[in-house]
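Report on the following structure.
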Amino acid sequence: MRLLPKHTNNEMRWYLILFLLAALGGAVRKWGTSSGAVSNVILGLQMIVPFLMVYFRSPNCYTPFSQHKILLFYFFYMAFHVIHPLQLTFMHGVFGILVHGGFWLGIFYYFSNRHLFDPRQYMNLFLIIAIIEVILAFVQYQLPPNHFLNKYASDLIEVATVGDRVRVTGTFSFLSGYTAYTMFFGLMIWAMIRMRLPQWMIFTAIPAGLIATFMTGSRSGLVIYFLFVGGILFTEYPAGKIFSLLGRLVIPSMIFLAVILLYKKIPIFEQAELAYNNFMGRVEANQRSGEQTARLLTDYWYLTNGRFKYPITGVGLGGTYQGATQLFGTSRYVQEFGYVETEFSRVLLEGGWLVIFFKLILGLIMAINLSFGGFMRWAVWFVVAFGQPIVYNPHNAAFLLLGIILVDNIIWRQKIERKHQWEQYQIARQEAAETTAADAQPAPIAIGTTS
């Protein structure tokens with residue numbers, strides 16, 4: 001089994017670098033060093049990979065700006081924010097382009113050059129990393145908060161808990177990293193199905209990912225995991241196939257159930273039950289405190305109370321981004337607004353309704369360009385547009401970009417292959433018909449011959 005291919009192109013090298021930075025870079029930030037500079041460098045590298053991919057692109061490829069003019073207008077608008085009159089420094093605008101443009105640049109560059117991407121060559125690596133992340137999550141969850149696997153390099157960072165257990169982070173420096181990874185994990189399951197990997201592997205990965213999502217304590221992460229995996233199963237296993245699949249799984253399921261009934265104290269089953277109970281306890285506690293409702297109504301409150309003094313073009317992209325404010329200060333316009341929690345409010349404050357308009361249009365164009373349709377097309381669109389923050393959470397942006405490219409490219413290549421096979425079939429059928437017609441014609445009679 002080859003882990004990495006011997007030869008590949010620039011696009012796939014940058015794709016691999018982005019995956020490794022997103023999946024493993026947090027390990028250095030979490031356990032290796034408490035240095036803010038090192039942490040920012042690692043995160044910064046992850047954020048600029050889409051830009052480097054376009055800059056160091058393969059010869060004779062298309063640029064996303066030539067193929068998608070709306071993206072060009074969007075980047076012109078973001079460039080204006082570098083010199084925005086309300087901007088504190090031009091560096092805030094540069095950071096704004098990085099956080100607001102990376103995902104869209106990456107996904108539209110991919111759409112413009114699908115033929116240069118082939119993530120199937122990294123599938124073995126994805127599976128190995130998935131095994132490491134899930135096993136590490138199970139181990140972390142049953143360890144005390146002060147264990148070295150759960151502690152951070154800096155003692156100032158508090159270990160988050162759900163119930164009496166630690167909310168797992170895997171190799172990631174913060175909870176959002178593992179939650180983002182579960183989205184990639186769900187899309188990877190779809191890739192496994194499309195690549196016809198063994199059924200036992202697929203139906204082991206699904207519950208393992210679900211339990212790991214419970215362990216993060218993330219409500220949005222759980223909803224999106226159900227949305228992705230549920231949609232994938234109904235897409236790939238229509239009613240007839242589902243019944244056939246269930247028939248093949250009856251005996252293994254009965255054995256599995258018998259083991260549970262006979263050995264109720266198996267640690268993995270206890271841990272799964274505990275993860276579910278702790279997760280539901282957190283949800284109920286947030287409902288009682290009103291925190292869950294408050295989060296849902298925050299954006300509505302900001303809009304109805306006229307907090308946005310510059311609703312058209314905002315106060316400057318990057319104005320609320322932590323990396324920019326730590327290095328170059330905070331604009332007085334941002335300070336006047338006060339603390340902003342949700343991504344929608346932050347985007348509206350920074351870029352105004354114009355940037356919201358651009359993002360909605362880009363999201364719709366992305367959905368239309370996907371190689372898959374039906375429910376999953378709009379499930380992916382919903383997650384990108386509304387479900388998870390992809391601007392101020394670089395983990396979400398990276399893993400959604402990686403996962404969408406992985407699945408879309410596999411489906412695109414399968415469509416091309418089916419089309420080629422159909423064309424070959426039609427050519428063979430036409431040749432066979434011509435041969436049959438020629439054989440059916442009577443032999444010519446030679447004139448002037450004698451018997």
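Numbers here mean position along the shown chain, with the first residue as 1.
Backbone N, Cα and C define each Cβ position, glycine as well.
What TrEMBL records for 12-31, 37-56, 68-84, 90-111, 123-143, 172-193, 200-233, 245-263, 353-375, 395-412 is transmembrane segment.
The list of residues near the transmembrane segment (353-375) in space but at least 6 beyond its ends in sequence, with Cβ under 8 angstroms from a Cβ of it, reads 68, 70-71, 73-74, 77-78, 100, 104, 107-108, 111, 231, 234-235, 311-314, 317, 344, 347, 381, 384-385, 404, 407-409, 411-412, 415.
By the Cβ criterion (under 8 Å, sequence separation of 6 or more), the transmembrane segment (172-193) is in contact with the transmembrane segment (12-31), since 3+ such pairs are found. For the transmembrane segment (12-31), the partner stretch with the most Cβ pairs below 8 Å, chosen from 37-56, 90-111, 123-143, is 37-56. Take the transmembrane segment (68-84) and the stretches 37-56, 90-111, 123-143, 395-412: counting Cβ pairs under 8 Å, 90-111 has the most. When each of the listed stretches 37-56, 123-143, 200-233, 395-412 is scored by C-beta pairs under 8 angstroms to the transmembrane segment (90-111), 37-56 comes out highest. Packing against the transmembrane segment (123-143) from elsewhere in the chain are residues 1-4, 16, 19, 23-24, 149-150, 165-166, 168-171, 178, 181, 185, 188, 191-192, 195, 205, 208-209, 211-212, 215, 267-268, 271, 274-275, 406: each is 6 or more residues past its ends and has a CB under 8 Å from a CB in it.
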